[in-house]
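Noted in TrEMBL for the protein shown:
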- 22-110: domain 'Ig-like' (DOMAIN)
- 118-208: domain 'Ig-like' (DOMAIN)
- 210-298: domain 'Ig-like' (DOMAIN)
- 303-392: domain 'Ig-like' (DOMAIN)
- 397-481: domain 'Ig-like' (DOMAIN)
- 490-579: domain 'Ig-like' (DOMAIN)
- 1-18: signal peptide (SIGNAL)
Amino acid sequence: MQCLLRGLCCGPISLLLFLEPPYFVTHLEPLEVSVGDYTTLQCHVAGTPEITVSWYKGDTKLRSTPEYKVFFKDNIASLTFNKVVIDDSGEYICKAENSVGTASTKALLTVQERKRPPSFARRLKDIEHPVGLPLKLMCRLNGSEPITVTWHKDGVQLSDDHNVHTSFVDNVAVLQLVRTEMNHTGQYTCTATNAVGTANTSARLTVTAPVFDTKPQSIDVPFGESADFECHVIGAQPIQITWSKDGREIRTGGNFNITFVANTAHLRVLRVGKGDSGQYTCQASNEAGKDFCSAQLTVKEPPKFIKKPEALRFVRQGDTVQLECKITGTPEIKITWYKNDQALQASNRLHMSFVESTAVLTILDASAEDAGDYICEAQNSAGTASCSTSVSVKEPPVFSKVPSPVDTLKGSDVILQCEIAGTPPFEVAWFKDRRQVRSSKKFKVTAKHSIASLHILSLESQDTGEYQCKAMNEVGSDTCTCPVKFKEPPRFTKKLSDTAIFVGEPTALQAVVEGSPPISVVWLKDKGEVIRESENVQMWFMDNIATLEIASAEGADVGKYICQIKNDAGMRECSAFLQVLGGYSLLHRYHVL
């Protein structure tokens, strides 16, 4: 560029001025940092001012933020990160511009995880392990790669061989013992090392006695069959095997067969009986110790009735019936009740229970339809048993017809008869004054079907009294009574009295009587002439009073009146004289009376 200057005291001056485009004296350099570091990318720019500087990450222009700042001072361009993060990794470009040109420089920023010393996220723990089994000791590590892992036992470094394998994969360090031996007992240490540190963890391994990895199972075996127990043991040889039942040692022979082949112990009970039920234990021992395993043998006994219902049951209608039996056998026992070969179901009237080995069938309000043959069936997995009984529902005797009281004549034959309802057969007995009457010359006792009779021949005074009939069957009894007495002949307790009245006056002749009914009354006059009722004469017999009433006396009514009473036992009579007075004054009449 050329320009002209004019001075005040001289002529024109010619000046030649050159402008430089920007260029980098020092370029950006690749940089590797760790997460969280304070980091600056920096370069030195030269050229004719004024120079403008811009920063880019890839195609994205960067401006100052809280996370990073952009500076350009004294021709030094810088991009400063307070704390870099992984996402800050990438290619950064610094671009410088002025009026005559541009220049740029770039570099790669690599942000790596911060280097961490090894640490154990999961440490070793003390362990007891059975001899003969494989074992893995494992621990998990944190820390920056690469990490080197070594294993030591009691301070001596371990190397891989046929029985020891080590590995470190996915931050998990493993020491594997293919088969543990007694000499593997000791202190094991895992040591981890990287560029920034070392860590270790230790634990004690104790190799223990033999152990059962397969144990026998508890079994239920039907009576008379064989039972087998089998288990597998691991551990250092030699291993000694012992079997016992309920704490008492079992040896081969008799009903038992014992074998131990390829670490498998086997016990066979050849034929199980009731006494073979119990706990069977296998013990394995070696020089390091011993282990036990047990199983239960239950001999399944078929059901057996140790108490049966009564052989025959007579019950009263309306009563509650209980059929009860007791059963032994291996649970679970199922009880079924049958009546006449039909299975019974519980209902409001039929209750069934099976508690503490006792089966009970309860029949409420028994009726005739409940009579029949009952079977109790007990069933379990070992078999079936049953027992039976019969139930007869009977009605107690009840007298549906009783004899009427007897009032008869001496020397008469008397029959007392009653009718019985209920369930036959009945046992019938007659009593007189609480003493039993039996058939004899005097008495004939009969009972046929539901009719009971007592025949008394030629009734005498000693035969009178209270007779009782008693009927009985298996479920109850009933009684009825009947008085037997002679008929009493009629008699007068108050006889007729002589009477005098005036003509036209009414009068009544009365007598009071007693005796066995029926009593008939006849009125007679004078020489035995029977008096009949008319408009003027009325007669009646009420409440043991015999009455003859004349409404209006006449002269013809004068005479002897006879009251005659009669029943089956006899006759009595009494008499009185009726006088009819006529033609007198009232005063005279009272005088006469």
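Yeah, the Cβs are placed from backbone N, Cα and C, and that goes for glycine too.
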Inset, instruction - Could you break down the residues of the domain 'Ig-like' (22-110) into DSSP helix, strand and coil, giving a count for each? - result: 3 helix, 56 strand, 30 coil
Legend entry - Within the domain 'Ig-like' (303-392), residues counted as helix, strand or coil by DSSP: 3 helix, 56 strand, 31 coil
Legend entry - Residue distribution over DSSP helix, strand and coil in the domain 'Ig-like' (210-298): 3 helix, 57 strand, 29 coil
